[in-house]
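S.K.: Before anything else, here's the structure in question.
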Amino acid sequence: QENMQILSNLTSKFPTFLLTGIPGLESFHAWISIPFCCLYAIALSGNSMILFVIITQQSLHEPMYYFLSMLSAADLGLTVSTMSTTLGILWFDAKEINLDTCITQMFFLHGFTFIESGVLVAMAFDRYVAICDPLRYTTILTNSRMIQMGLVMIIRTVVLIVPLLLLLKPLYFGRENVLSHSYCYHPDVIKLACSDTRANSICGLIDLILTTGIDTPCIVLSYILIIHSVLSIASPEERHKVFSTCVSHIGAVTIFYIPMVSLSLVHRYGQSAPKVVHSMMANIYLLLPPVLNPIIYSVKTKQIRKAILNLLLTKQNR
């Protein structure tokens, strides 16, 4: 009875979590917020611009650009879902967050990550059909099929994430819970629980297998088939032309998966790593894709570049 009493004094059903800014550099938070604000501004304006251009320009109403607009929407979601807590810490030292707010942030953060992963697979499929079966491209990637693919991504995300977050509610946490990032990240939160988290870990692992574990091999497979198809093209100019249509997608895949895998590995095996490493990796993981994707696609995709320039020039001429 006494032990139970002590335990209930130490643990709480309604815990408060403390988010972490950049450990060891708290006195420079105001200065550090400047590059963060610039990156957030680039991410928000870049992705909004791409979305706007694709929606308004009739010439971009093609499957490839529809997928790109989904990618931009997911990047916007990711940016907005972490921006509030990160800037709150850097500007106002607002570190406290309760469990429900934490769960809500995780829903959007992990949700948009899963959606982005799904979109990258869809884009790989789009490139595969365009290169390996170009004659059937319009019959395979119809508007209704695009809507179905979008719905599958959203349904998969909700089905995987809701159980993961519901399993957090019964857990007991200590009175003071210091998280290692400026936002709530599932593996980070369950590490702080005082109760048994086996179910949470298993559910997290299943989610990982059913997202990254399926998506990555699908992307790799589509590129093996694309390379095989491209190598059978005789002229080097044609090969180069075909490959150049894949460059931006390969870039998007790289900047999404490498930081994600690195952060997972740091959480799993890098307990001895300095706290600053955890913090910087976490910020890179969520800021890199939204900042770089619009830049890569604007630079590498001629149609997007032309549409953005047209838009800017017509604004100036007015």
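The chain as shown is numbered from 1 upward.
Cβ coordinates are placed from backbone N, Cα and C, and glycine is handled just like the others.
These figures come from a predicted structure and were not determined experimentally.
Below are the features I grabbed from TrEMBL:
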{"type": "TRANSMEM", "residues": "28-54", "note": "transmembrane segment"}
{"type": "DOMAIN", "residues": "46-297", "note": "domain 'G-protein coupled receptors family 1 profile'"}
{"type": "TRANSMEM", "residues": "66-91", "note": "transmembrane segment"}
{"type": "TRANSMEM", "residues": "103-125", "note": "transmembrane segment"}
{"type": "TRANSMEM", "residues": "146-168", "note": "transmembrane segment"}
{"type": "TRANSMEM", "residues": "208-230", "note": "transmembrane segment"}
{"type": "TRANSMEM", "residues": "242-260", "note": "transmembrane segment"}
{"type": "TRANSMEM", "residues": "280-299", "note": "transmembrane segment"}
S.K.: Take the C-beta pairs under 8 A between the transmembrane segment (242-260) and each of 28-54, 66-91, 146-168, 208-230, 280-299. Which stretch has the highest count?
M.R.: 280-299
S.K.: Sequence-remote contacts (6 or more beyond its ends) of the transmembrane segment (280-299), Cβ cut-off under 8 Å?
M.R.: 22, 36, 39-40, 42-43, 46-47, 49-50, 68, 71-72, 75-76, 78-79, 82, 86, 109, 116, 180-183, 185, 248, 251-252, 255-256, 259-260, 262-263, 266, 305, 308
S.K.: Across the domain 'G-protein coupled receptors family 1 profile' (46-297), what is the average pLDDT of the model, as a whole number?
M.R.: 89
S.K.: Counting only residues 6 or more past its boundaries, what in the same chain has a CB within less than 8 Å of a CB in the transmembrane segment (208-230)?
M.R.: 114, 117-118, 120-121, 124-125, 127-128, 131-132, 156, 160, 239, 242-243, 246, 250, 253, 257, 260-261, 264
